[in-house]
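Features reported for this protein in TrEMBL:
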type	residues	note
ACT_SITE	178	active site, proton donor
ACT_SITE	309	active site, proton acceptor
BINDING	83, 84, 178, 179, 180, 245	beta-D-galactose binding site
């Protein structure tokens, strides 16, 4: 049984058009999730440990002001295209499109004002909430009027996030949720004691601006082989890695498949990520530096959280061998990711 409650969370500043931001509280026996109509942001996700104690396992802020300021996409839905597009440029049907460069020489997570920084229209469902927005033709440089629906539904231990879109012109699209997790509880110092496995035989090596080189490399015999669980801190040390910020190549096909599993031995919390997407970006919070004041006055230092962003492969719009990232008029973009929380 899931209950859904809506309440006011704050108002957008006048220069952002005003507008009421609402918070939607989804609750089952096992999970409690809070989601904003601003950026479709997951602000809170409380789940039980093996003793039945609830803790909030996602990073974020207590107030709307925190989310209005610059932050690393805590909890938000990012788009039109998640991850990086090289030089913010791509060509479609002979026409070149230039996007805003907000990540060194590249465009990241939709540009200057992506889906994470706008107000969505909510609709309460019996077991969740659906958000809608129309991204107008030319927004952030992307072609076509894009209608987008993001639906969160809660069933027992499982939170499903479904993304649907339709376009008036051919456009690249790849949507994801950018929650930062720490299964010890948000505000915990690091994620080194988490055990992670990713169901991927290959990954995408990147250049020094984090753009895939085009090679699809086998994980076998490398630090990227996460097919069997590894303890994160020890693994980073063993392979002299500063952290992960890489796309792992998943099973390709529209069916649901397990992508990743995380286990936190001290609390017994487990988290599984299932998806229909062909890729998952594993990011270990390398750019967190303790400068942000989060919930309950917590600070978030480097490696104090991880992200598992289900998505298409980065820069796919410029790399024809990568999975198709283009949506055409008359087609529907439809992907789902499931987050399953348990104890062991």
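Heads up, the Cβ atoms here are built off N, Cα and C, so glycines get one too.
Note that TrEMBL annotation is computational and uncurated.
Positions of the features from TrEMBL, shown on the structure.
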residue	record	Cβ within 10 Å
83	beta-D-galactose binding site	28
84	beta-D-galactose binding site	24
178	active site, proton donor	22
179	beta-D-galactose binding site	26
180	beta-D-galactose binding site	26
245	beta-D-galactose binding site	16
309	active site, proton acceptor	25
Spatial neighbour of residue 178 (active site, proton donor) that is closest, considering only the recorded positions 83, 245, 309 and their CA atoms: 309
Site extent for beta-D-galactose (largest Cα pair distance over 83, 84, 178, 179, 180, 245, Å): 18
Spatial separation of the residue listed as 'active site, proton acceptor' from residue 245 (beta-D-galactose binding site) - C-alpha basis, Å: 10
Integer Å distance between the CA atoms belonging to residue 309 (active site, proton acceptor) and residue 83 (beta-D-galactose binding site): 9
Pairwise Cα distance for residue 179 (beta-D-galactose binding site)/residue 309 (active site, proton acceptor) [Å, integer]: 8
Pairwise CA distance, residue 84 (beta-D-galactose binding site) versus the residue listed as 'active site, proton acceptor', rounded so that it is a whole Å: 13
